[in-house]
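Annotated features in TrEMBL:
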DOMAIN    B:14-225  domain 'Cytochrome b/b6 N-terminal region profile'
TRANSMEM  B:43-71  transmembrane segment
TRANSMEM  B:92-113  transmembrane segment
BINDING   B:H111, B:H212  heme b b566 binding site
TRANSMEM  B:128-149  transmembrane segment
TRANSMEM  B:161-184  transmembrane segment
TRANSMEM  B:196-216  transmembrane segment
DOMAIN    B:228-398  domain 'Cytochrome b/b6 C-terminal region profile'
TRANSMEM  B:248-268  transmembrane segment
TRANSMEM  B:306-326  transmembrane segment
TRANSMEM  B:338-361  transmembrane segment
TRANSMEM  B:373-390  transmembrane segment
Amino acid sequence: MPVRTLKAAALAAALSLGLMAAPGAQAAEGHIEIPDTRFAFDGLFGTFDRAELQRGFQVYKEVCAACHGMRLLSYRNLRDIGLSEDQVAAVAAGYQIQDGPNDDGEMFERPGRASDRFRRPFANDAAARAANNGALPPDLSVITKARVGGADYIHALLVGYEDPPPAGVTVMEGMHYNKYFPGHQIAMAPPINSDGQVQYADGTRATVDQMSRDVSAFLTWAAEPELETRRAMGVRIILFLIILGGLTYAVKRKIWADVH
Amino acid sequence: MASGLHDSSFSNPVVRWIDQRMPVFTMMQKEYGTFPTPRNFNYFWNFGALAMINLMVMIATGIFLAMNYTAHTSLAFDSVERIMRDVNYGWLIRYVHMNGASMFFIVVLVHVWRGMYYGSYKAPRELLWMLGVVIFLLMMATAFMGYVLPWGQMSFWGATVITNLFSAIPLVGDSIVTLLWGGFSVDNPTLNRFFSLHYLLPFVIAGVVFLHVAALHITGSNNPLGIEPKGPQDTLPFHPYYTVKDSVGIIVYFIVFAFLVFFSPNYLGHPDNYIPANPLVTPAHIVPEWYFLPFYAILRAVPNKLGGVLMMFGSIAILFVLPWLDRSPVRSMRFRPIARWLFLLWTVNFFVLMYCGGMPAEEPYVTISRLSTAYYFGYFLVILPLLAKIERPLPLPESIAKAVLRGGGPLPGAAVAKPMEKA
């Protein structure tokens, strides 16, 4: 018995080691340690902090949205972060959305509706580059899933600017030094650069760190809006399976009792 | 009984009526009911059933994904995200499918490992084994094409790297690549044909699985002792003994699967695949999915492109001839004192290759990959043929029943201890 158990354990360990090697390998590039930020959604059972998501949306809307689109989100999705129907309608109506063609064959602008996708800041990628010194601000819809480190990385990036850069580092024209950006030279100027840059309605002090965290949380929700449903369902399903597994094992023992 | 009708043993009139005309119930009863199965399976024998379940899960989720997916370079990425956001339980279906691919490889790798450790590939099961290798190859092709469909950065660049491998073939290589691409670069025609083939191949796999099972039911299963059942005392009917034992394994497998899907759905993926494909931006490191890493390491271990490609395909192809490379008459490694340890070393070596495949192509990983590649092939080409001549196996037990039932206790260790006592 012990020999066999040991063998199985060794195999399981080897397999999990092999599996861990894969993401580990990918994270190794660049060797920049991303500091761990504590978020409400951390861990296996974490959930979103609605107030934080709403503050994060405010930061996105007032700061990031000037250059970064979120083309996969619709205004109606904001109901998930606790906005009422009326609030969502009001947010949407604050944007002019191009629609058409109308009966005369003309494109026209109208106030946004809840069903509209987030309005994109630029008409196309070329326009975005032209306005940003040749750099393309990436769409932020799934950004936390698209970067090693996720929300931790976004937060680190937003607070990781150093001006002037460390001694001995020359930063190219139009670039900025950032501790956590791969290669350390980023075209984006520090977007969140002074305390009180946005006015939070709930009275939270809008420090650079606070705003950076809030928007990182908001972007995590945007990338994984199903996170809470998923985890809640997972808990129920795994508990069910454990009970079912126990019963099945008992049945197995009973059936096999007479043939051992 | 009217002439021309099958002599059915079922008493339910409806079942009987059908069974007399088309004896599917008799067949099921024979192949999955009373089918004599060695009584000494350990839990490694769950993995065939698990692979079968996994294939069904993949086909079921895949069909629903295909209803909502758009195979066009400008729409594929967004259509996948629409599944995640707007399709009812689309995130569940997609994460099950995505992690199901990883689970499929875990299950099948253990299944293959079990076959290698207990010598299931040896006569008379050579064809059964070879059909299994065909399934493994088809799985790899299917998984590769499936990974291309979301049209993220790794999809695009993975497709570019892997399809380009065929250009190493002399004379016709470039034409083959053009044919695979449907043009002169990885583009919309590539995506379209990959989608079509990705939908087709699972059904081909299902067909070969049918042959695999058909062949299994001729030879019967191998078992941890690697000796043939000699009579009814050595076997048990498949139902209920192994249906219930497989059920236990299936639930454990579902728990692992559920943990991945619900709590860590992107752990085994690469973040770059959430960046839409961009032919103008190459990712810093192009890394295949984890289950390709050992083979990717072998590819990169060889400095010559054609050589690397041949070695990579050779690493799978060599499995086809494994039954003839290993001429030892003893199947189970339990009775092969030297082969056992060298095979366990081969297993560790496989994980070393997997690790190196995920690392950048620089020292020390290149040298390690080369040594590991040498051992990978050396085990098959040198060690196994040699051991068949020089290894002195431990005495085999007389029968399964004798080895397993001694003392009447359910202690699995007895199966190992017995022959050594005799020695």
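Cβ from N, Cα, C; glycine included.
All protein chains included, B:H111 (heme b b566 binding site) registers 21 other Cβ atoms within 10 Å of its own Cβ. Residues 297-298, 301-302, 311, 314-315, 318, 322, 325-328, 336, 338-339, 342-343, 345-346, 349-350, 353 of the same chain lie 6+ residues outside the transmembrane segment (B:373-390) yet bring a C-beta within less than 8 angstroms of a C-beta in it. Sequence-distant contacts of the transmembrane segment (B:92-113) (same chain, at least 6 residues past either end, Cβ-Cβ under 8 Å): 44, 47-48, 50-51, 54-55, 57-58, 61-62, 64-65, 80, 83-84, 132, 135-136, 139, 143, 146-147, 253, 256-257, 260-261, 265, 268-269, 289-291, 319, 347. Residues of the same chain lying 6 or more positions beyond the ends of the transmembrane segment (B:161-184) and with a Cβ under 8 Å from any Cβ of it are 144, 190, 192-193, 286, 288, 299, 305-306, 308-309, 312.
Remote same-chain partners of the transmembrane segment (B:306-326), defined as residues 6 or more beyond its termini with a Cβ less than 8 Å from a stretch Cβ, comprise 112, 116, 119, 121-123, 125-126, 129-130, 133, 136-137, 140, 165-166, 168-170, 294-296, 298-300, 373, 376-377, 380-381, 384-385, 388.
Residues of the same chain lying 6 or more positions beyond the ends of the transmembrane segment (B:338-361) and with a Cβ under 8 Å from any Cβ of it are 113, 116-117, 285, 287-288, 290, 292-298, 300, 328, 368-369, 372-373, 375-376, 379, 383-384, 387, 391. Other Cβ atoms within 10 Å of the Cβ of B:H212 (heme b b566 binding site) number 21 in total over all chains. Per-residue pLDDT, averaged across the domain 'Cytochrome b/b6 C-terminal region profile' (B:228-398), gives 95.
Contact between the transmembrane segment (B:196-216) and the transmembrane segment (B:128-149) is supported by 3 or more Cβ pairs under 8 Å, counting only residues 6 or more apart in sequence.
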